[in-house]
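S.K.: Before we start, here is the structure in question, set down as structure tokens.
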Amino acid sequence: MRMGTPVPGTLLILLAASQGQTQTCPGSHSLRYFYTALSRPAISEPWYIAVGYLDDTQFVRFNSSGETATYKLSAPWVEQEGPEYWARETEIVTSNAQFFRENLQTMLDYYNLSQNGSHTIQVMYGCEVEFFGSLFRAYEQHGYDGPDYIALNEDLKTWTAADTAAEITRSKWEQAGYTELRRTYLEGPCKDSLLRYLENRKKTQECTDPPKTHVTHHPRPEGYVTLRCWALRFYPADITLTWQLNGEELIQDTELVETRPAGDGTFQKWAAVVVPLGKEQKYTCHVYHEGLPEPLTLRWEPPQTSMPNRTTVRALLGAMIILGFMSGSVMMWMRKNNGGNGDDNTAAYQNEREHLSLDPRAESEALGVEAGMKDLPSAPPLVS
């Protein structure tokens, strides 16, 4: 096999950049929704929040507390959907709030709990696409009072139930055909909506992907370690990584590699320094990229006991709820085809609601945001 002439790194960057410009935006992308319903003895009506995220940016939020309800679009590109679209979405998400209230009561019955405590229902669902628009993965998870309740497995055909109460829900969902409805949505309208939202966003703002960053620790002989600061999956390619000690840049002591294409339209880079063992916390890595709202400062963090994946998700969702209650923003799926199929979506929504509401208290346990999605029917029924 003949070896060709090596391609310069700068040329690889130019080729990758030109390829990325033909896409909606380089890298993988996600559309995620979160629902939260909270009941407390001190409030007459449960607090209900629905939030939608495109990648890591919130674009829509619904907040219902008592008799008041607010619906906020928080990204300029969302307005391209038109007033009729969002009026319909407001109606849907308002209806979902009632389903959550009913499910909070149903869960009290399932677990034989009193009305005097505080209880929370959460749902998170969404989908992700890769560089070329193919579905990467989809998911749906439900939780009650913190722990997992039921979660859709990776095959999108079966559920994992956490306890006997969740087993009842799983059985009724399977009998009602709900599993197939969710899989169809996640593989179709969710992905289609994600791609359309990305295209709308591209029309109103320059495409940037902020770097995913972390610091790794590599022991060396004679009491030294190498600290390597990584920046991954960022776009465009221009980025600056520096190491500092006590606020002073270590220009001469930093090993810096050339920015490299990652193969999916994004880029990667790292910078490393050799430091004395035990002095790692004195060194900071600084990352500058136009996709970041402000420069990042990182240190090497000693490893801690890792949590199981779903526990991590629960912790993240819990943190998002607190942020939502305190500052009006919560954290991180769905969307719909281009074209005039709004009526079809509304019909599908009504059909699924009727199909799944087997019990008056049957619909929606969740923190899976549906705000702003005509393609998604009602919130997933937690119990039925």
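Positions of Cβ are set from backbone N, Cα and C atoms, glycine also.
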S.K.: Can you tell which of C127, C229, C285 Swiss-Prot lists as bonded to C190 through a disulfide?
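M.R.: Within the candidate set C127, C229, C285, Swiss-Prot assigns the bond with C190 to C127.
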S.K.: What does Swiss-Prot give as the disulfide partner of C229, choosing from C25, C285?
M.R.: C285
S.K.: So for C190 (disulfide bond), how many other CB atoms are inside 10 Å of its CB?
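M.R.: A count of 29.
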S.K.: Hey, does DSSP put C127 (disulfide bond) in a helix, a strand, or just coil?
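M.R.: Once the DSSP labels are grouped into three classes, C127 (disulfide bond) ends up as strand.
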S.K.: Measuring Cα to Cα, tell me the gap between C190 (disulfide bond) and C229 (disulfide bond) in whole angstrom.
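M.R.: Cα to Cα, C190 (disulfide bond) and C229 (disulfide bond) are separated by 35 Å.
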